[in-house]
Amino acid sequence: MLLLVDAGNTRIKWALVDRSAPEQTPGKWLQQGSVARAEAGTLIEAWRGFSIGRVMLSNVAGHELRGELERAVLHTLGTRPVALEWFASAAELGGVRNRYLNPTQLGADRFAAAIGAHALFPEGPLVVATCGTATTVDALSAGGEFIGGMILPGLGLMASSLAKNTAQLPQVALQSTLTQPFADNTDAAIVSGCLAAQAGAIERAVAAQMRTYPNLPIPCILAGGAADLIAPHLSIDYTRVDNLVLIGLHTVAIQHSPTC
């Protein structure tokens, strides 16, 4: 059994893959789950009883969580001699070439998501928007190169920063049911502005790719916990994909092992 783990700033997602299956398809797994970052210790129980023979993890949430994950995995493995494979960005991996000036500086989650998106849509240029604690909007070339991208505060972080750093603006509950861009009350105006900023960044990225590839379709892949809030405010076509980082990890695991 292959265990895949995506540890983000807010949640930890995981999936289990049957390594004995004759055909391996990225994103096809036996079981999956998700816990809040503070609940990392509960993963021991979630993974109990599975015969895990390989582990691949992505972690962007710091050394403390990495240690917690290591303890949880090692407790699950018991005496089985299984090495933990920590995914990290590289110059080329999983069929994607990394054009970052310093390829190792690219966040592991962004590179894994790009690999996952390319595995699902291998035929042309892409925009990959992952909407979480931070929103990242990245571009892939028609040849499968990670060109680069944008990083901006996520929807929740954007709204909370207004409440924290201004004297009279409140903390608002985020929702996507706004029907008009020009709100007639302060709470709705904050939500409208934050949603417009997120949607605008994504649409701007797609427009840039369209200028580069005027004769090709530009699929926009939308992922992350806040994607469903932002999606109704996009004026472009998009494809909603869950667990994009896990799909990227699975892609790498398949390509770098004869049995998985």
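Glycine is no exception: its Cβ is also placed from the backbone N, Cα and C atoms.
As the structure is a computational prediction, the values presented were derived from the model and not from experiment.
Per Swiss-Prot, ATP is bound by Asp6, Ala7, Gly8, Asn9, Thr10, Arg11, Ile12, Lys13; the candidate from Thr133, Thr135, Thr136 named for the same site is Thr133.
Thr133 (ATP binding site) is 13 Å away from Arg110 (substrate binding site) when you measure Cα to Cα.
You'll find the Cα of Thr133 (ATP binding site) roughly 14 Å from the Cα of Gly107 (substrate binding site). The binding residues for ATP are recorded as Asp6, Ala7, Gly8, Asn9, Thr10, Arg11, Ile12, Lys13, Thr133; their greatest pairwise CA distance is 15 Å. Ranked by how many other Cβ atoms sit within 10 Å of their Cβ, the binding-site residues Gly8, Gly107 place Gly107 at the bottom.
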